Amino acid sequence: MTMLNDPSKKYRAFPTIDLPDRTWPSKTIDAAPIWCSSDLRDGNQSLIEPMDSVKKLRFWKTLVSVGVKEIEASFPAASQTDFDFVRTLIEDGHIPDDTTIQVLTQAREDLIARTFESLRGAKKAIVHLYNATCPSFRRIVFNQDKAGVKEIAVNAAKLFVKYAAQQPETQWTFEYSPETFSATELEFAKEVCDAVIEVWNPTPENKVILNLPATVEVATPNIYADQIEWFGRHITRRDSVLISLHTHNDRGTGVAATELGLMAGADRVEGCLFGNGERTGNVDLVTVALNLYTQGINPELDFSDIDGVRKVVEECNQIPVHPRHPYVGDLVHTAFSGSHQDAIRKGFTQQKEGELWEVPYLPIDPADIGRSYEAVIRVNSQSGKGGIAYLLEQEYGISLPRRMQIEFSQVVQGETDRLGLEMTAEQIHALLRREYLQANTPYALISHRLQEENGNSAVDAEVHVDGETQHWRGKGKGALEALVAGLPVAVEIMDYNEHAIGSGTTAKAAAYIELRVNGDRAVHGVGIDENITTASFRALFSALNRSLSQAQAKAA
């Protein structure tokens, strides 16, 4: 079978919502929602190999450590393993006072009874009821009409009240999901939810949670936002209801749907860390939270060690995080492109402590989430001078002058083209040493003596030339001018720069020279030494030898 030329014969567009006075497009998100992690339930049930109790407890502790206050721990009636995990959390004191355990149940009395039994002794708990409400599920899965689906929800809601009353020591919160909400007729979804509300009788002080899932993502995010705004306008006792979002990523827009849903008035978000979950996954709580953070809003979740969180999630889920995953992927703070690297390098140079973050191409400061700057710039055949210069400066304290950056980038480009691979900072530094610092033929500086008198300098340089030692002597107004005067070839110094590498007794000097030999094209040299004069002399010999070697190669 192949794709259809006319897909309308098999698929139909989801209808739009009649909401001409919608207000959500002009709203902004100005505070964090209530967060609920479903990693241990929705996420766990989607794994090829579900977590054992050890992994579950490790994951639970990670969720608590980052600040998630509502955690859906399991489906206690589904298995003894899930039931026992809830008991472990309660009996072994793993639930902090500011954290609420949440569990899920279907609408059957035996399952509801078992679910409440699992929570015995909990200080507070959210019990989450669901049944599917959309036309296809009513017709295909349950063979029920609207009245039958509504009756299932109402009867189960009554059982919640019954079993909660038997454990008055627990502070109960009830949650109801019209599963497949986003594919359900809005009027009917409201009708069922209103009926559940009537049974549970919430108040502004003891609210119920109405969770409105995009169980399968079937439309664009704006339609989901319209559904949420319409629902918030029409649901009974809105002041006694928390509207919760539970989006999936079937169309790749789970985060967008969640953000627009919050703009449309939702109070709460259910999802999983890094977007684990059935099929294409639940909404990624980390992305939504850090999107808020980069808009200047405290997400009330702490991802200061995002790589530590990622390690736990990967090991427990046995699924790697994609290298391009927002905020946490290996490559999301990395630039290979030359123009990007140049912009980032300039941004870092100009970024001042305490000022608004404005580094190009980096929407978040990697340091805020515990990541180093080492991987921000990496060098391959697409890279330019900016990235190379940045790595040398950050890793080795070597600040190449601008024109030398251009020259050396061509050297690096030739090497990356030859290798066909990325080059590390260590490899780039080794290439710099080979190309410049070890350029010692035909002339190798062995030692020098410098005399200063009346503002003039006299140099006696001991040089190794073709197996013999020579002395080159010259005078000038400075050490470099004196050395140039003693050279056997005509040299014109065009530019000179120097700086310290490090500080204190271990500091070294770096010198950079741009010169012409016998009127030929300009070349650069580098010298590094504890003594600044020696460093400058080594830089001159580096450039001199490179120029002569290039001229010889050209002549050949």
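Here the Cβ of each residue, glycine as well, is placed from N, Cα and C on the backbone.
Residues or ranges marked as domain 'Pyruvate carboxyltransferase' in Swiss-Prot: 33-307. As annotated by Swiss-Prot, Mg(2+) binding site applies to Asp42, His246, His248, Asn282, with the evidence given as sequence analysis. The region 'Regulatory domain' annotation in Swiss-Prot covers 439-556 and rests on sequence analysis.
Structure coloured by features recorded in Swiss-Prot.
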{"residue": "Asp42", "record": "Mg(2+) binding site", "contacts (Cβ under 8 Å, 6+ apart)": "Glu72, Glu270, Cys272, Gly277, Glu278, Asn282"}
{"residue": "His246", "record": "Mg(2+) binding site", "contacts (Cβ under 8 Å, 6+ apart)": "Ser38, Ser177, Asn211, Leu212, Pro213, Ala214, Thr215, Val269, Glu270, Gly271, Asn282, Val283"}
{"residue": "His248", "record": "Mg(2+) binding site", "contacts (Cβ under 8 Å, 6+ apart)": "Pro213, Ala214, Thr215, Val216, Glu217, Gly254, Gly277, Glu278, Arg279, Thr280, Gly281, Asn282, Val283"}
Residues flanking the Mg(2+) site, with Cβ no more than 8 Å from the Cβ centroid of Asp42, His246, His248, Asn282 and excluding those residues themselves:
Ser38, Pro213, Thr215, Thr247, Gly254, Glu270, Gly271, Cys272, Gly277, Glu278, Gly281, Val283
What counts of helix, strand and coil residues does DSSP assign across the region 'Regulatory domain' (439-556)?
34 helix, 58 strand, 26 coil
Cβ-Cβ neighbours of Asn282 (Mg(2+) binding site) (radius 10 Å):
30
